[in-house]
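Visitor: Sharing the record's features from TrEMBL:
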type	residues	note
TRANSMEM	26-51	transmembrane segment
DOMAIN	43-294	domain 'G-protein coupled receptors family 1 profile'
TRANSMEM	63-91	transmembrane segment
TRANSMEM	103-122	transmembrane segment
TRANSMEM	143-163	transmembrane segment
TRANSMEM	199-231	transmembrane segment
TRANSMEM	243-267	transmembrane segment
TRANSMEM	273-294	transmembrane segment
Amino acid sequence: MSAISILNFNNSRFTLTGFPGLEVDYLWLSIPFASIYAMVFLGNCMVLHVIRTEPSLHQPMFYFLAMLALTDLCVGLSTVHTVLGILWGVIEEISLDSCIAQSYFIHGLSFMESSVLLTMAFDRYIAICNPLRYSSILTNDKIMKIGVAILCRSSMLIPPVIIRLKFLNYCHPHILSHSFCLHQDLIRMACSDIRFNSIYGLALVISNLLLDAVLIIISYIMILYAVLAIASREERIKSLQTCVSHICAVLVFYIPIIGLTMVHRFGRHLSPWVHVLMGNVYILFPPLMNPIIYSIKTQQIRRRVQRLFYLKKCKS
């Protein structure tokens, strides 16, 4: 392949798909999307602020929650410029390099969120099945090591498949299925040999998302077995209530991913609206819902948030 051809491929530009048929209403449509992004940023920043400023929340469970909130915040930051850019008429196309970078962050952050959810399941397992050793097992030093391991796992396994996108020949129409870039969208437009991307990408999904999901299920089977062994009904309910927030967060994360995967794999002939809807749900639903879930279901967070707003109200 000549250097000129490679240069042409690298300078390829891709059309971002907004909301087909609603182009004249983009300005109005930007209002709810801007509101959702604002809620994502404010909600996750509020959770981070509450955990940082409240000494009673300086515990392993809330450190992991802070990791989850930070990940969700970064997910919003990685897509807000293209989604709102389309709706405001600022962006219509994206360069290959920018597309690859956005794809790296989106998929990397998805793997990171999955890893954090797995770690939170491990936290709940230790707290319920081995409560006397909880503080000795999950020390601050171990939590820091877990955080570094999550970061390395999420960021260092993806580059081989993402870098490969730079050297593919994109000869099919350069029209993305979403308002942002995904790996599966780019390889769909490639005419080059994509076996490495397909096999390696599948291996990443199996070794990260699928494995994490299986381990989370196993942890909750063990938790349920331990809870059923508790004699007191009140204690059983109390133990299970500490897991409700995490179970909701797991469902909020995995259901959109499964839906989007099914649409990309088997829904090529579906309406573009289905792809657009599932893509935006996949990106926005978990970061939007997680702060709400933990603010409502976690008593310590809820009380601290209520006190925060009460103080602001008194000052005003």
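Glycine is no exception: its Cβ is also placed from the backbone N, Cα and C atoms.
The structure displayed is predicted, hence computed values, not measured ones.
Please go over these features one by one and say how buried each is and what sits next to it.
Guide: Within its own chain, the transmembrane segment (26-51) has Cβ neighbours under 8 Å at 18-19, 57-58, 62-63, 65-66, 69-70, 72-73, 76, 80, 83-84, 86-89, 284, 287-288, 290-292, 294-295, 301, 304-305, 308, counting only residues six or more beyond its boundaries.
If you look at the transmembrane segment (143-163), the same-chain residues 6 or more away from its ends with a CB under 8 A from one of its CBs are 60, 63-64, 67, 100, 103-104, 107-109, 111-112, 115-116, 119, 183, 196-197, 200-201, 204, 207-208.
If one looks beyond the transmembrane segment (199-231) by at least 6 residues along the same chain, the residues whose Cβ comes under 8 Å of a Cβ in the stretch are 110-111, 114-115, 117-118, 121-122, 124-125, 128-129, 153-154, 157-158, 160-161, 183-184, 187, 239-240, 243, 247, 250, 254, 257.
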Visitor: Could you pull out which residues elsewhere in the chain have a CB under 8 Å from any CB of the transmembrane segment (63-91), counting only those six or more residues past its ends?
Guide: 16, 18, 26-27, 29-30, 33-34, 37, 40-41, 44-45, 47-48, 51-52, 102, 105-106, 109-110, 112-113, 116-117, 119-120, 123, 143, 147, 150, 179-181, 249, 280, 283-284, 286-287, 290-291, 294, 298, 301
